[in-house]
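J.: Swiss-Prot lists these features:
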{"type": "TRANSMEM", "residues": "39-59", "note": "transmembrane segment"}
{"type": "TRANSMEM", "residues": "85-105", "note": "transmembrane segment"}
{"type": "TRANSMEM", "residues": "118-138", "note": "transmembrane segment"}
{"type": "TRANSMEM", "residues": "198-218", "note": "transmembrane segment"}
{"type": "TRANSMEM", "residues": "231-251", "note": "transmembrane segment"}
{"type": "TRANSMEM", "residues": "262-282", "note": "transmembrane segment"}
Amino acid sequence: MSWFESLVLGLVQGLTEFLPVSSSAHLRLTAAFSGWHDPGAAFTAITQIGTEAAVLIYFRKDIGRIIAAWTRSLTDKSMRHDPDARMGWLVIVGSIPIGVLGLTLKDQIEGPFRDLRITATMLIVVGVIIGIADRMAARDEKGGRHRAPQQRKELENLGVRDGLIYGLCQAAALIPGVSRSGATISGGLFMGYRREAAARYSFLLAIPAVLASGVFELKDAMESDHVSWGPTLFATVIAFATGYVVIAWFMKFISTKSFMPFVWYRIALGIVIIVLVSVGVLSPHAAESGG
């Protein structure tokens, strides 16, 4: 991998990680459109450490409170009803599905799931799902001619059942094209949560899974002779810087705007990919990067 490739891919990772458009799909597509090797699942996982570092800094106050309260709840039973302590436990609960499925489906994630036809299908299907969830939330928030606006749930209403459903939505994002934020936020909207609440839990929930995946892949990469460490680490730093700017913008965006621009973008991109693969312009199976 060249330094220019790492710069571009780092920017792509940072720009798309927190948007409901699938960062793994865009890394895969950027390489395919540019004629580069597929950067692979390991590169994606390692550079995601950079974007999750942006989450840690952006939500540092929330995370600090959650960790402190959760730690105290281990020895003080009265703390187990504290909202921050509960959030810590619910992040753990929500991380179980992706932990189990990530280890079980590791070979598929690194191989068959990276087929561009699957990526395109997921972009379209999940795009439609996000659109339905967005319209449902907008209808509740605005009400209608014969119905009053509906009060949507806050994170204080989050329980084990909802946490597990969020976790299953996150696990679906193991398939390129789904989008971690798109799947979890739309899942939250379907369960009746406010947009900001759904997004906040989505980003907090991603921290253990992404960091664990990144460390796991980092361990394997350190034992490999086929990793371009300089460019990979450079891409991770670029992803961190870009990701921080995007997450700050996105949290403001979702409070007042619809997800429909992302929905139409996903559907259009999915259709373009299917057409280009069908006419032979793009190969559905790109070669893995050799370094």
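In case you wondered, yes, glycine gets a Cβ from its N, Cα and C as well.
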J.: Are there residues at least 6 beyond the ends of the transmembrane segment (262-282) whose Cβ is under 8 Å from a Cβ of it, and what are they?
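T.: Cβ under 8 Å, 6 or more out: 19-22, 29, 32-33, 116-117, 119-124, 126-128, 130-131, 134, 177, 182.
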J.: Which residues, given as numbers and ranges, are at least 6 beyond the ends of the transmembrane segment (231-251) yet have a Cβ under 8 Å from it?
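T.: That would be 1-3, 5-7, 9-11, 13-15, 17-19, 43, 46-51, 53-55, 57-58, 196, 199-200, 203, 221.
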